[in-house]
Amino acid sequence: MKIYEGKLLAQGLRFGIVVSRFNDFIGERLLGGALDALKRSGAEEKNIDVFKVPGAFEIPLVAKKAASTGRYDAVICLGAVIRGATPHFDYVANEVSKGIAHAGLEAGVPISFGVLTTDTIEQAIERAGSKSGNKGWDAAVAAIEMANLIKQMS
């Protein structure tokens, strides 16, 4: 029996990062965490491209376009959808989640999910480098491992 598992080595890999400008304070912290994880794992800055989109709803389209170019070994999606007083949160959170999953399946390239869906701004801050770690870091680690796993399968 052979077991395949992704390694946490980013050297020589190319990454696209799609980050939402809405809730920019959170998005920038997630981006910082992702960049830190990539660089600590051996990624070179020249092999990382960042795409800033207006809001979370726009993330799946740009992620799919980036993944479909053939230039990236993985794409990392980052942003924050924070619940408000209307059902808008539910629509956006659901569509972003489904859209990112669909984009990865369609493109055949790992697309990691680092979009926070929280009830409060405080919860988002906790997940963007405070009490609960940095989900941008986690999304980058998942992207690195998946890129390496997919390469092993080729």
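Numbering starts at 1 and runs along the chain as it is shown here.
Including glycine, each Cβ sits where the backbone N, Cα and C put it.
According to Swiss-Prot, the active site, proton donor annotation covers His88, on the basis of sequence analysis. Long-range Cβ contacts of His88 (active site, proton donor) within its own chain (separation 6+, distance under 8 Å) are none. Secondary structure at His88 (active site, proton donor), as computed by DSSP, is helix.
The 5-amino-6-(D-ribitylamino)uracil binding site feature in Swiss-Prot is assigned to Phe22, Ala56, Phe57, Glu58, Ala80, Val81, Ile82, Phe113. Ala56 (5-amino-6-(D-ribitylamino)uracil binding site) falls within a helical segment according to DSSP. Within 10 Å of the C-beta of Ala56 (5-amino-6-(D-ribitylamino)uracil binding site) we count 30 further C-beta atoms, all protein chains included.
A simple way to gauge crowding: the CB of Arg127 ((2S)-2-hydroxy-3-oxobutyl phosphate binding site) has 24 other CB atoms within 10 angstroms, across all the protein chains here. According to DSSP, Arg127 ((2S)-2-hydroxy-3-oxobutyl phosphate binding site) sits within a helical segment. Positions annotated as (2S)-2-hydroxy-3-oxobutyl phosphate binding site by Swiss-Prot, on the basis of sequence analysis: Ala85, Thr86, Arg127.
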Q.
Between Phe57 (5-amino-6-(D-ribitylamino)uracil binding site) and Arg127 ((2S)-2-hydroxy-3-oxobutyl phosphate binding site), how many Å separate their Cα atoms?
A. 20
Q | For the binding-site residues Val81, Ile82, Ala85, the one whose C-beta sees the most other C-beta atoms within 10 angstroms | A | Val81
**Q.** Distance [Cα-Cα, Å, rounded] between Glu58 (5-amino-6-(D-ribitylamino)uracil binding site) and Arg127 ((2S)-2-hydroxy-3-oxobutyl phosphate binding site)
**A.** 21
